[in-house]
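Visitor: Please see the structure below; I have some questions.
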């Protein structure tokens, strides 16, 4: 960690934005009042981030189970749907970011039309993902089509919404404060997604597939028989439960979009005039050519991959390695609840000690517990403690990237004053790399478990699978965290540089405002 980072006493982010910054830079009082966001504005803005997390959580935890056990697809075809959907989702992010950056300004803003127009079809496609069609031959195409359509339309919602951070205020302090509200609601969204989907359908599961040892045990108890009618009734009830859960989530999605539209006003002055349009590959070169942005993306690429490995395999680890199959939902809720409750703490921490310090402390806080959970004999209390600790680190992983991205965009604007209007590109490429990490996590986990001899829906697993799961939830994430924090050491934007950038950008905006005023007065005289 850089020596100067320990002295980052005052960050530009604060839940309670004060009238005067402690960095001793005095902005014009009139401009300060004009830029200030109300608590209602921040809450409405934050609510707009919930649909992405709610639907993402439901899809992430339940879609694979749904395709295999409810839609009854072959594992190979289910894997194709999941991988192609992830790949398509990642590709659409920079594409939508490029299109948004070229969008004209409307009476509702530049980002808001994308959010509003994508919502109805996104909701419909999400609902149809959880519907089992009455035919067999085209079932694979059905799920692949609607999964990809939903991912694309959700991108049309989420990328403009992410870039909207730069357009709700030109004050860095206000943006950081709104980001803290947003991260709290988004983590709460994961809790809602887990609770809604889990409570409605999570308790319904298909019987496990017995292994050789289980079959021998079954033969000893020959009284077992299969009732096909009961299985059919159970399957029909399960399908209805998934549709009810999807309908509830669709309703929440629409409500959040409405609140965002009526509660947030996109500020044209915050975005400034745009430079000449550029090609897609020019946009890639532009954003990735900015050193601080490239380093920040690499930092969170590795740390995101670490947490996704942990989260994606923790349920299997609890079920098979630790033997807590019936406690999975409770453990998951502890993680999400802990993350929700500790977001305000991390907001205070980065305000008090600086953003880089918060990344170091927040990310490293989970390491001792990852070591503990694999070294200590299976213990439910220790597992809950580790889950709570993981939630604390997940909160930091949610908040800090989105709090630091505006700093990078501001730094880019300071160094490239003639190249403006590309905010969506910065956010879309970050989302792209995050989803890329998610795809890598899914691929590595699946291949590793398959190589170890994982039995799909097995009642028990071979010892190699237990060892693989320990690596995926402990050793692997720890190594990735160390790599990411090593890159963070060279990240150049500290508190002093943020303050300087803020002052330079304010001078630029004041100069532009004075120029526009002079032009208007000259026009009136003429």
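Using the three backbone atoms N, Cα and C, a Cβ is placed for every residue, glycine included.
Straight out of TrEMBL:
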- 43-64: transmembrane segment (TRANSMEM)
- 112-132: transmembrane segment (TRANSMEM)
- 144-168: transmembrane segment (TRANSMEM)
- 240-264: transmembrane segment (TRANSMEM)
- 296-318: transmembrane segment (TRANSMEM)
- 330-351: transmembrane segment (TRANSMEM)
- 357-376: transmembrane segment (TRANSMEM)
- 381-404: transmembrane segment (TRANSMEM)
- 424-449: transmembrane segment (TRANSMEM)
- 469-491: transmembrane segment (TRANSMEM)
Visitor: May I ask whether the transmembrane segment (357-376) has at least three C-beta pairs under 8 Å with the transmembrane segment (424-449), counting pairs 6 or more apart in sequence?
Guide: no
Visitor: Are the transmembrane segment (296-318) and the transmembrane segment (357-376) close enough that 3 or more Cβ pairs fall under 8 Å, when only pairs 6 or more apart in sequence count?
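Guide: As far as Cβ distances go (cut-off 8 Å, pairs 6 or more apart), the transmembrane segment (357-376) and the transmembrane segment (296-318) touch.
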Visitor: Using Cβ distances below 8 Å and needing 3 or more such pairs, separated by at least 6 in sequence, tell me whether the transmembrane segment (296-318) contacts the transmembrane segment (144-168).
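Guide: No, the transmembrane segment (296-318) and the transmembrane segment (144-168) are not in contact.
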Visitor: Do we see three or more Cβ pairs under 8 Å linking the transmembrane segment (43-64) and the transmembrane segment (144-168), pairs being at least 6 apart in sequence?
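Guide: Touching, yes - the transmembrane segment (43-64) and the transmembrane segment (144-168) meet the threshold of 3 or more Cβ pairs under 8 Å.
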Visitor: Same chain, outside the transmembrane segment (240-264) by at least 6, Cβ under 8 Å from its Cβ: which residues?
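Guide: Apart from its flanks, the transmembrane segment (240-264) reaches 40-41, 43-45, 47-48, 50-51, 54-55, 58, 62, 66, 70, 108, 112, 115-116, 119, 122-123, 126-127, 129-131, 157, 161, 164, 168, 192-193, 196-197, 200-201, 204.
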